[in-house]
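Engineer: Pasting the feature list from Swiss-Prot:
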type	residues	note
COMPBIAS	472-481	compositional bias 'Basic and acidic residues'
CROSSLNK	131	SUMO2 cross-link
CROSSLNK	132	SUMO2 cross-link
CROSSLNK	478	SUMO2 cross-link
DOMAIN	24-92	domain 'BTB'
MOD_RES	308	phosphoserine
MOD_RES	495	phosphoserine
REGION	126-207	region 'Disordered'
REGION	310-338	region 'Disordered'
REGION	349-368	region 'Disordered'
REGION	472-518	region 'Disordered'
ZN_FING	418-440	zinc finger
ZN_FING	446-469	zinc finger
């Protein structure tokens, strides 16, 4: 036989005992504030107190001191009330962050989870309310629906964070302001429609007509609400605009007329191509009051981007011009390219010459240092074009002899002294420079085919093979630059290695090639 109310009666009895100080065997000190409680209740609700009482001796369990810089006294009082009541009553004077810090210190994971959910919901609500404040235009009398109530205050009961669903903020689309006769008084916009019991009929909302002297510009975009901006906002930057009455939504004109700025000397002249002038249309005079039949809002259209046939042609030519920044494969390695492969584009005479920078790298920049071609392998005329090409494309890794002037503390080049661009060391030949480059790149291109160990220099691999795999291998008298760069090191025809291989002796194969691994 079960008694469902037994747990509630037990908690109520414990609350009464704590309030009277009856059988309270523990005092919790949070700063200078004391809290009387029962050890069994504290240890049952918090793993922190459970470990504390297990580790302490019997005569040292009466007083528990908690760091008051982490756990505040009001937050601990709320958690202590939760232990005895099973309900967390969040008050306005205690920040939710303090409750979260206290629950984390006491290892009360359920309270931590609830506090995090509430903080996330509050952050989302504040972000949505800020977005709505930015999008809402106070001058156009935009009213939210009755279901949009914004963030709710913190309550005693715990609610899941899923309450902030998209249906909470879903409302009808913002209606366009409707003009009303002059004798009808406008509805005041000071009423608060966010309360649940107040609803406003949208058919009775009327926006006051704008004054004749102050014409406003309405800028509409698909991702934001309509904002009303005075005409003098564009007085400094944009040219004058033409004014025409707003066309009803159910009336579709036969041909859409593009309204463009009348002044062509504005700041947008260099960005947009000129468009053919549309046929002039009679614009209403601002000094005259509109007729009763045409008692509608006057909307000023600002067309910043004019769509024309010329702009469509320019958009089709744009991919071809972007390809012209880099030369084709035949232009770099083939010396003189053909006229069709050169940088020739119609109407591209307005390109400016780009100075030397790191944005345009040679095609060989992805190769390692030991595979880069030497000074003699570069062509002087990389690109032959009637248009100026970027200067960085003409600069090889090893400049020709005319670049004898000093170029800073590193990379000083002379005619016969190759210099490392990284550390500034000079070498006798370009092969030594490429061999030295592996010190900076940390590359190990030479790999042993027997044990797959990698080495930076070919000589190290040769000595490893001679010592580890074949002790009788002939010593190298002098490194061969041509054999060790790309083709690899091959044993001489009259060496001991070739004779041993031809005789068919036992042991591992003696024919090998030293070179960079693929």
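Cβ coordinates are placed from backbone N, Cα and C, and glycine is handled just like the others.
Could you place the listed features in the three-dimensional structure?
Structural biologist: Under DSSP, residue 131 (SUMO2 cross-link) is assigned to a helix (H, G or I) in the three-state scheme. Note on residue 131 (SUMO2 cross-link): other Cβ atoms within 10 Å of its Cβ, all shown chains, come to 11.
Within 10 Å of the Cβ of residue 132 (SUMO2 cross-link) there are 15 other Cβ atoms, across all protein chains.
Restricting the average to the domain 'BTB' (24-92) gives a pLDDT of 87.
According to DSSP, the secondary structure content of the zinc finger (446-469) in residues is 11 helix, 4 strand, 9 coil.
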